[in-house]
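Undergrad: What TrEMBL records for this protein is below:
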type	residues	note
TRANSMEM	6-28	transmembrane segment
TRANSMEM	49-78	transmembrane segment
TRANSMEM	120-142	transmembrane segment
TRANSMEM	162-183	transmembrane segment
TRANSMEM	214-235	transmembrane segment
DOMAIN	257-406	domain 'GGDEF'
REGION	339-360	region 'Disordered'
COMPBIAS	347-356	compositional bias 'Basic residues'
Amino acid sequence: MNLLETARFAVKSLLGQLVFIVLLIVSVDKLPILLGQYMQKLQWLPHSLLLVAAVMSVQFGYSRLFIASLLLLASLYLPAIPAGFIDPLQVQHFLPIVLVTSMTTLMWDKERGFSPVALLSALVLLVCANAAVIIASMSLHMTSAEWLNQLLQPPSIAKMKFSGAELLLLVMIQIIGIIRFILAPTNRHAALMLATLSVSGMMLYFGMILPQLMLSMLAAAFCVLILHDSYNMAFKDELTGIKGRRALMQYAATLGKKYVVVMADVDKFKSFNDKYGHDVGDQVLKMVASCVDKVGGGGRAFRYGGEEFTIVFANKSAQQAKVFVEAVRETIGARPFLLRDQDRPKSNSKQRKNPPKKSQQVFVTASFGVAECGQQLTEFDDVMKAADGALYKAKAAGRNCVKLAP
Ligand SMILES: Nc1nc2c(ncn2[C@@H]2O[C@H](COP(=O)(O)OP(=O)(O)OP(=O)(O)O)[C@@H](O)[C@H]2O)c(=O)[nH]1
């Protein structure tokens, strides 16, 4: 994802999270009244959903979401600890702080895997982070409680009894989490941030005890975000972010009798890679993919593999599609690719042969072959082969052009 796409994803995801929190607050308040006696029977729901989220996290190798699910699961059992063993009021007081701190710490941590050593080191990290926050909260509370309490007061709707110091710390932890999310807005970070925001929102609104319904919804959101990741893994190309070959084949199966297939190939890409390095080549592929993906006329773009892309137009003739393909070709050829310092291969890189000068602009072009489904070509594979043949002709004709199959 380039910077703009990352920002767009972050904003979209943040808005989604906001909607989720509002829904949460509304439903946690209203649903128990609506569901009445059924709520009693739904006690198993948060436990089961959190277990499902934990199992799914293991399947996907998401150790941080696994730990987060277990922490939320543990939070369901903490209030049940006998009073003599641990002060329930202290548990209620520190539980939300511990959860928010843990989720934010996990956001900044890396995926460690599931070996005992990895899990133990994640646990040590969480214990250290929480100890630091609790000590900071206590010392802030003792030293500067008065002015902080005056400065930071919970909103009037809040039912919690938090000091100004604790509020300050919580706000700071949230900001640290939000920064992490903006820097790397992945689904996993979205899930962890959703957890910190929900826990804080619930605390403010309902006091210290986290409603079971909230944990159920949070666990369901974890599962949905993991499933969304699995969809992306299966159908999207990792490098360019556009749909990949598997998605193309699935789409092909849904096409009727009238459609057009376009095969596109970046020109002289091998020498581009040799000249500027593979990493710059990757950036260029992303740029080309974003141009191809914006094709008009209802065309759907896919990365076929390597430096090849496929566009499919349903219900169009080759002549009709050609207009839109020409537009994409022109856009790619006219878009300057700026080689910044950070794009240059490292000095010890084996790929570097001719490193670019500072802020040098380079251009790439692409060739296109177009074929339509018809009497001669009825199978998708055959139409693709014909488009490939036309692409070959475009290369032979000097590249940077569009050729139609006969
Ligand atoms: N950077 C980068 N390079 C890739 C990727 N996939 C394929 N390539 C490179 O793309 C190049 C394709 O080169 P060729 O198929 O020889 O064709 P070409 O140099 O583009 O020449 P023409 O197609 O004849 O214009 C190879 O050097 C591959 O290594 C990728 O994901 N990233």
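Including glycine, each Cβ sits where the backbone N, Cα and C put it.
No curator has checked TrEMBL annotations; they are predicted automatically.
Can you walk me through where each of these features ends up in the structure?
TA: Tertiary neighbourhood of the transmembrane segment (49-78): same-chain residues 91, 95, 99, 102-103, 106-107, 109, 111-114, 118-119, 122-123, 126, 188, 191-192, 195, 210, 212, 215-216, 218-220, 222-223, 226-227, 229-230, selected by CB-CB distance under 8 Å and a gap of 6+ residues from either end.
For the transmembrane segment (120-142), same-chain residues at least 6 beyond its ends with a Cβ under 8 Å from one of its own Cβ atoms are 63-64, 67, 94, 97-98, 101-102, 105-106, 109, 112, 148, 163, 165-166, 168-169, 173.
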Undergrad: What parts of the chain pack near the transmembrane segment (214-235), using Cβ distances under 8 Å and only residues at least 6 beyond its ends?
TA: 20, 23-24, 27-28, 42, 45-46, 49-50, 52-53, 56-57, 60, 62, 65, 68-69, 72, 75-76, 187-188, 190-191, 194-195, 198, 202, 243-244, 246-247, 250
